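These come from TrEMBL:
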type	residues	note
REGION	1-24	region 'Disordered'
TRANSMEM	40-60	transmembrane segment
TRANSMEM	66-96	transmembrane segment
TRANSMEM	117-138	transmembrane segment
TRANSMEM	158-178	transmembrane segment
TRANSMEM	190-209	transmembrane segment
TRANSMEM	221-242	transmembrane segment
TRANSMEM	262-287	transmembrane segment
TRANSMEM	313-339	transmembrane segment
TRANSMEM	359-378	transmembrane segment
TRANSMEM	384-405	transmembrane segment
TRANSMEM	417-440	transmembrane segment
TRANSMEM	446-465	transmembrane segment
Amino acid sequence: MDEGSIRKRREVQNGSIDHTEDCQAEDPKPIKATVLQKDVGLFSGICLIVGTMIGSGIFISPKSVLLYSGAVGPCLIVWAACGVLATLGALCYAELGTMITKSGAEYSYLMEAYGSVPAYLFSWTTVMVLKPSAFAIITLSFAEYASTPFYPSCTPPVLVTKCLSAAAILLIVTVNCLSVKLANYVQNFFTAAKLFIILVIVVAGIVMLAQGKTENLSDAFVGSSTSFGAIGLAFYNGLWAYDGWNQLNFITEELKDPFRNLPLAIIIGIPLVSVCYVLVNVAYFTAMTTTELLQSPAVAVTFGDRVLYPLSWIVPLFVVFSTFGAANGSCFTAGRLAYVSGREGHMVKILSYISLRHYTPSPALIFNGILAICYIIPADINTLINYFSFATWGFYGLSALALIVMRFTKKDLHRPVKVPIVIPVLMVIVSCYLVLAPIIDKPELEYLYCAIFILSGLILYYPLIHLKVKWAQKIMSPITMHLQLLMEVVPPEKIE
């Protein structure tokens with residue numbers, strides 16, 4: 001290293017020069033601005049929505065929805081109603097996303113409508129718990145399906161499942177850190193794979209119906225549940241399978257022509273998923289009774305063994321593809337939320353930095369991956385799903401309410417998409433029901449823990465963000481500098 005390079009390196013370490021300008025001075029070639037690039041088109045946007053929504057839910061949740069709804073008829077109604085709710089919610093987000101063209105989804109909308117504190121509480125809860133726990137849940141499902149063929153006579157050991165889940169997390173985080181386009185290619189491939197296996201299941205179900213195997217669909221409402229809380233839990237589990245309808249709003253800044261592609265991707269993607277889900281459940285009931293479906297450890301695999309033999313092996317293979325693709329989509333969007341909240345000062349600044357080589361929010365992606373690995377250690381999937389749904393629908397309701405509030409407080413904002421106000425009103429009511437019904441029907445401590453955790457963010461907010469205490473900045477400055485040098489990341493440029 002020559003004397004000039006040594007001097008420059010010392011200046012960087014002392015914080016006396018801007019790292020971005022230094023890199024630009026050394027490279028005579030024109031380089032792109034150090035911001036996240038607009039690499040996501042309409043097709044990739046649709047694949048992100050479809051690929052994230054269709055994960056493990058349709059292959060696992062049919063049991064949970066049937067268990068709480070009590071019969072075939074209510075089960076199918078719940079699946080269809082969940083599709084309608086997801087579509088209505090996404091239409092609200094289409095208006096919000098084209099009105100506020102910032103990444104971060106609910107975070108940006110809560111910030112605009114209510115101010116800093118609600119937005120911070122959302123980012124605190126979502127970045128620290130909801131996103132990494134969802135990532136962990138999906139990769140655990142992936143690991144269960146991937147390891148089952150190697151243990152035909154028993155359940156895969158927990159250690160094997162969790163190690164495989166951790167390996168999947170590391171692989172997905174690495175792919176997303178290397179390239180946005182590579183992550184999009186991965187997402188598109190696995191979305192095509194999951195749509196293929198759904199088509200196979202649906203066609204097999206149609207053939208069985210044509211052969212007259214409708215006995216499991218007769219008397220479809222016998223044994224239906226009438227419990228207020230049970231219906232709420234049925235919707236919980238159904239909507240877990242539909243979760244992902246808002247994922248494109250997390251990457252609005254990376255969308256090509258968001259005013260066109262955001263609403264169009266929503267209109268195409270979510271009805272497609274809804275139709276697939278209802279038809280897949282009908283196919284399941286042509287091959288299995290309600291008791292057999294509830295007793296099945298993996299509904300899709302049991303269906304394949306009964307209907308597709310000797311090609312039944314393709315079902316678990318494509319379910320592995322499906323869960324891997326959903327995990328990739330979850331990781332992709334989670335990194336953007338941490339990036340945006342770090343950029344706004346609600347998380348540590350290093351999370352808002354961008355890789356100088358790959359133009360990805362690699363610190364945010366790595367942070368999300370580390371938390372996800374922590375969550376798979378003690379994780380119980382059912383507990384995490386209930387915890388995840390409880391908090392998530394609270395924030396969905398606040399976002400729908402934000403749309404109503406801004407109709408009156410932000411009248412001057414340009415709205416390329418404008419939905420009837422009855423839709424966000426309905427979403428607020430449904431969100432309140434989904435949050436309160438299970439608590440009223442069966443109070444559990446996990447709901448209290450969730451509320452305490454959300455509010456505990458205020459303990460950090462007041463001194464670190466509101467007061468901006470100097471001792472915290474003194475601690476974080478050298479840590480940020482060394483992490484910046486280690487990961488070769490820089491602050492994003494401000495583009496007007």
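Just so you know, glycine gets a Cβ as well, placed from its N, Cα and C.
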Problem set entry | Considering the transmembrane segment (66-96), which listed stretch of 158-178, 190-209, 221-242, 262-287, 359-378 counts the most C-beta pairs under 8 Å | 221-242
Problem set entry | Same-chain residues at least 6 beyond the ends of the transmembrane segment (262-287) whose Cβ lies under 8 Å from its Cβ atoms | 42, 45-46, 48-50, 53-54, 58, 62, 72, 75-76, 79-80, 82-84, 86-87, 90-91, 93-94, 97-98, 195, 198, 201-202, 204-206, 208-209, 213-214, 216-217, 241-242, 245, 248-249, 252, 255, 293, 299, 303, 306-307, 416-417
For this session: State, in range form, which of 40-60, 117-138, 158-178 has the highest count of Cβ pairs under 8 Å to the transmembrane segment (313-339).
Result: 40-60
Seminar exercise, completed: Answer key: the stretch among 40-60, 158-178, 190-209, 221-242, 446-465 with most Cβ pairs under 8 A to the transmembrane segment (359-378) is 158-178
Exercise. In terms of Cβ proximity under 8 Å, which residues at least six beyond the ends of the transmembrane segment (446-465) contact it?
Worked result: 116-117, 120-121, 124-125, 129, 345-346, 383, 386-387, 390-391, 438-439, 472
Exercise. Between the stretches 40-60, 158-178, 190-209, 417-440, which one has more Cβ pairs under 8 Å with the transmembrane segment (221-242) than any other?
Worked result: 417-440
Seminar exercise, completed: Quick tally over 158-178, 190-209, 417-440 of CB pairs under 8 Å to the transmembrane segment (40-60) gives the top stretch as 190-209
Exercise. Excluding the flanking five residues on each side, which residues at least 6 beyond the ends of the transmembrane segment (190-209) place their CB within less than 8 Å of a CB in that stretch?
Worked result: 47, 50-51, 54, 58, 276, 279-280, 282-284, 286-287, 300, 303, 307-308, 314-315, 318-319, 321-322, 324-325, 328
